[in-house]
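Enquirer: Handing you a structure now.
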Amino acid sequence: LTSPLPSSHRYRGLTLVLTFLSYTSYHLSRKPISIVKSQLHPNCSALGPNPHNDSNSSTWCSWAPFDGDNYKELFGALDNAFLVAYAIGMFISGIFGERLPLRYYLSGGMVLSGLFTALFGLGYFWDIHVLWYFIVVQVCNGLVQTTGWPAVVACVGNWFGKGKRGLIMGIWNSHTSVGNILGSLIAGAWVSSAWGLSFVVPGIIITTVGIICFFFLVEYPEDVDCNPPLHHVSCTDSQRACQSSADHSNSPKEPAEEPEAISFLGALRIPGVVEFSLCLLFAKLVSYTFLYWLPLYIVNVAHFGAKEAGDLSTLFDVGGILDPSTYQGGIFAGLISDYTGGRATTCCVMLVVAAPMLFLYNHVGQNGIGTSIAMLIICGALVNGPYALITTAVSADLGTHESLKGNAKALSTVTAIIDGTGSVGAALGPLLAGLISPTGWNNVFYMLIAADVLACLLLARVVVKEARGWCGHMARQRGY
């Protein structure tokens, strides 16, 4: 008979599954807007004559107020209403996340996210045609969605030590791509018939997952009499065995003094926080431009329908899960960075390779369906790899940095600072794409390539530091 898994292993598995499902549903609820855009302002002439016999109308099938020539600017306004609110709210969210129960904070945010996602779709059934309604819903949704990322990263960081964090979080971070794929497929199922359901159904899903998390998520190992993981102290197998036996001792634990939550400026002083935050600003700019504009780009350039473009755009996120040629952005990046200890170097290598791949996708990516599929998968792996690594393993490393002397209260704040700065880029990317796209899609891709290069340059100092560390380690091994 096999012995049952230790309780700590079971709780770790449960934490991974619940947080994975949580953030999958967050991204699932964000994706429909990119799919529905092409249905709000479709090519009406391809659908035949105007059944309303209005000879002056060439946009009879569009949804007001997105039926004018300025529809791209209005789409950009929708994106930025969400993303600017998200970026502003993220800096505040981490501070609240350190001071409120994570389980309540996460599940409450998910229920509210489900409400506002569904309200956007209900605009279809309530026949709403005023821009302010959709803008207000997007702003509210952006604010409440900031509860998700600091909470889930803090929960995972509380349960897992540094040793295999890059690999574990690389696999776990595929929730972003899984959520985007499911969101695209769910939205695509109703986009051509009743686009309101493209929002209502994801809203119901995220609300349901939030309720499940409320009842079953465990925030800290100490809450269920498990010892917290070792973040920085290396130990041998025998030491681990001693620790394991200590975990099961019957002696009561002495209450420890509760550490104070770190301040915003204190988190900024942690080595590497500023560099990785600014790098993520440009990396997330690229990722979110694809998230919000790729389906419309495919419709305009490859002339697919709304559903077909939505389905094809999921291949960019497939590259964020499993790319046979590059082994998957997040998982491969996490595995390599665990082995080398070079988080910044791993990010820089992928950013350097991503820039020419983006150029190639724009120029040859539409030369046949096979070429388009291959390029989307490769670009998705290279773009999502650094973004995934910084927002997961790097954030958790810095939030439990040795300079904090064991104070785990910094994890949510550091995560919020890094992702909040990245969210500024996430807001800028779709905005710039909306402003630049009327001048040609080539200019949009030049903007994305420039952002990739800047993201790489901002990590130069950390890369040099990592290289010096490797050289010193090799010299010590050779006895110099």
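Each residue, glycine too, has its Cβ placed from N, Cα and C.
What you see is a predicted model, and the numbers here were worked out from it, not measured in a lab.
Take a look at what TrEMBL says about it:
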type: DOMAIN; residues: 15-468; note: domain 'Major facilitator superfamily (MFS) profile'
type: TRANSMEM; residues: 74-97; note: transmembrane segment
type: TRANSMEM; residues: 104-126; note: transmembrane segment
type: TRANSMEM; residues: 132-160; note: transmembrane segment
type: TRANSMEM; residues: 172-191; note: transmembrane segment
type: TRANSMEM; residues: 197-218; note: transmembrane segment
type: TRANSMEM; residues: 273-294; note: transmembrane segment
type: TRANSMEM; residues: 342-361; note: transmembrane segment
type: TRANSMEM; residues: 373-396; note: transmembrane segment
type: TRANSMEM; residues: 444-464; note: transmembrane segment
Enquirer: Using a Cβ-Cβ cut-off of under 8 Å, list the residues of the same chain that are 6+ residues beyond the ends of the transmembrane segment (197-218) and lie near it.
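Expert: Sequence-remote neighbours of the transmembrane segment (197-218) are 11, 14-15, 18-19, 21-22, 24-26, 28-29, 31-32, 35-36, 102-104, 106-111, 113-122, 155, 183, 186-191, 224.
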Enquirer: Which residues, given as numbers and ranges, are at least 6 beyond the ends of the transmembrane segment (172-191) yet have a Cβ under 8 Å from it?
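Expert: Long-range Cβ neighbours of the transmembrane segment (172-191): 16, 19-32, 34-36, 38-39, 156, 197-199, 201-202, 205, 291, 295, 306-307, 310-311, 313-314, 317-321, 328, 330-331, 334, 380, 384, 388, 391-392.
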Enquirer: Go through 104-126, 132-160, 342-361 and flag the stretch with the largest number of C-beta pairs under 8 Å relative to the transmembrane segment (74-97).
Expert: 132-160
Enquirer: Kindly state the mean pLDDT of the domain 'Major facilitator superfamily (MFS) profile' (15-468) in the predicted structure.
Expert: 79
